[in-house]
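Colleague: The transmembrane segment annotation in TrEMBL covers A:6-31, A:43-62, A:97-119, A:126-147, A:159-182, A:194-215, A:227-246, A:258-276, A:282-301, A:313-332, A:352-374. The feature domain 'Ammonium transporter AmtB-like' is assigned by TrEMBL to A:7-404.
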């Protein structure tokens with residue numbers, strides 16, 4: 001066991017944990033003030049719900065001994081047997097439990113991403129049921145397929161360093177399903193529904209950027225050159241994405257915006273997530289720049305597509321994740337990570353095909369299952385608050401609280 | 001006694017306050033309000049979508065004064081609040097039935 005690696009992974013786990021409250025603030029600032037607590041509460045409460053779910057069953061389903069390439073067994077139920085001895089298959093130099101708790105933070109933030117799609121209109125009880133089911137039936141299997149020892153997508157050679165498919169494409173397409181099933185907010189397209197606190201959103205974006213170093217660099221599971229490469233790729237891609245999004249805004253709309261800079265940063269972070277430990281710094285710049293432009297255009301196109309994905313989860317995490325996963329198939333280089341593969345630009349076009357397959361599988365599985373879960377919950381519980389409650393705001397109706405008593 | 005209610009641009013609050021001090025106006029109430037008249041709203045852009053924001057921030061100043069001071073107060077506000085552009089605001093003058101000082105119970109002109 002290596003003390004530096006262990007310290008690094010534990011610290012990275014803490015960094016990723018901070019991303020969930022960071023996301024809460026990012027989303028919170030984007031909604032109207034009457035819904036700020038409703039939005040923040042969903043994300044913050046997820047820390048509790050998914051933390052326990054992970055310890056009870058999630059970790060075992062995702063990373064337990066493989067069954068048919070599809071799911072882990074329940075051998076680690078209640079973290080049974082997950083102790084200080086390293087687990088060879090995943091991380092040789094840190095305690096098994098350190099790997100588990102690091103992964104826990106990913107299981108928490110992935111469903112949190114989806115909350116942006118149904119902002120300002122989803123019942124808290126329906127949210128809870130959906131998130132528990134989704135975490136167990138969508139996230140855990142997907143994590144197993146891509147990262148699990150024996151997982152079938154991993155076996156096919158799909159490269160996903162820290163969660164392009166498992167986290168972002170997954171959440172992104174689930175968000176589309178949610179937006180379609182739940183329907184638009186009252187007044188969407190007619191009233192001006194604008195962010196109420198962009199300084200809070202930018203604070204959230206800053207916390208996300210900071211925490212993402214744990215997300216990506218920590219996924220090296222060691223305090224070494226690969227973690228460093230992933231750290232640098234993460235940073236440079238984000239820098240490029242900020243410039244690209246704001247540059248595109250400046251050209252198309254005439255002014256760069258603060259929200260654009262914050263959104264660009266997130267888009268870059270999303271796109272570099274699958275690539276971070278496989279690509280060089282200049283490739284990271286190109287990946288980030290691509291994300292800034294692609295995600296900005298996706299967000300511009302949304303009004304024409306007709307669905308109310310309130311906080312652009314599809315545009316940023318969906319499109320950004322797909323671009324990042326495919327870009328990994330372009331820019332991956334064995335020179336950066338001998339345990340990875342080469343991408344198309346380094347002489348191996350087949351990798352792009354494998355990446356595309358992983359993306360397709362994620363899109364289909366997550367979209368279909370998320371849609372089914374939502375329809376089921378709608379039939380049993382009802383998904384949306386009533387029109388009067390939507391008007392009054394979720395802070396009051398779901399939590400009897402007021403965000404600001406100024 | 002009259003109440004003078006002036007809706008002015010927020011950046012004109014300090015100049016108006018100073019000008020009123022200059023003519024010995026004893027007190028006023030200042031409220032932040034939103035509104036519009038002929039001044040069209042402004043366009044804001046969030047994630048590429050444009051929004052028309054029609055309710056613009058303004059400031060309302062209320063002063064109660066004896067009848068013989070109303071004209072000089074109105075003139076002072078006009079001079080200090082005016083920029084010449086649409087959005088400068090308006091002044092309304094209302095009759096006041098009674099004024100009472102809470103601390104002492106004085107009424108009428110003694111309470112202004």
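Cβ coordinates come from backbone N, Cα and C, glycine included.
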Colleague: Let me know the model's mean pLDDT on the domain 'Ammonium transporter AmtB-like' (A:7-404).
Modeller: 97
Colleague: Cβ pairs under 8 Å with the transmembrane segment (A:126-147): which stretch of A:6-31, A:43-62, A:159-182, A:313-332 has the most?
Modeller: A:43-62
Colleague: Going through A:6-31, A:282-301, A:313-332 one by one, which has the most CB pairs that fall under 8 Å from the transmembrane segment (A:43-62)?
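Modeller: Result: A:6-31.
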Colleague: Using Cβ atoms only, state whether the transmembrane segment (A:258-276) and the transmembrane segment (A:97-119) have three or more pairs under 8 Å that are 6 or more apart in sequence.
Modeller: no
Colleague: Which residues of the chain, 6 or more past the ends of the transmembrane segment (A:313-332), have a CB below 8 A from one of its CBs?
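Modeller: Contacts with the transmembrane segment (A:313-332): 113-114, 116-117, 159-161, 164-165, 167-173, 175-176, 179, 263, 266-268, 270-275, 278-280, 283, 286-287, 290-291, 294-295, 298-299, 301-302, 340-346, 348, 351-356, 358-359, 363.
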Colleague: Taking the transmembrane segment (A:159-182) as the reference, which of A:6-31, A:97-119, A:282-301, A:352-374 gives the largest number of Cβ pairs under 8 angstroms?
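Modeller: Of the candidates A:6-31, A:97-119, A:282-301, A:352-374, A:352-374 scores highest.
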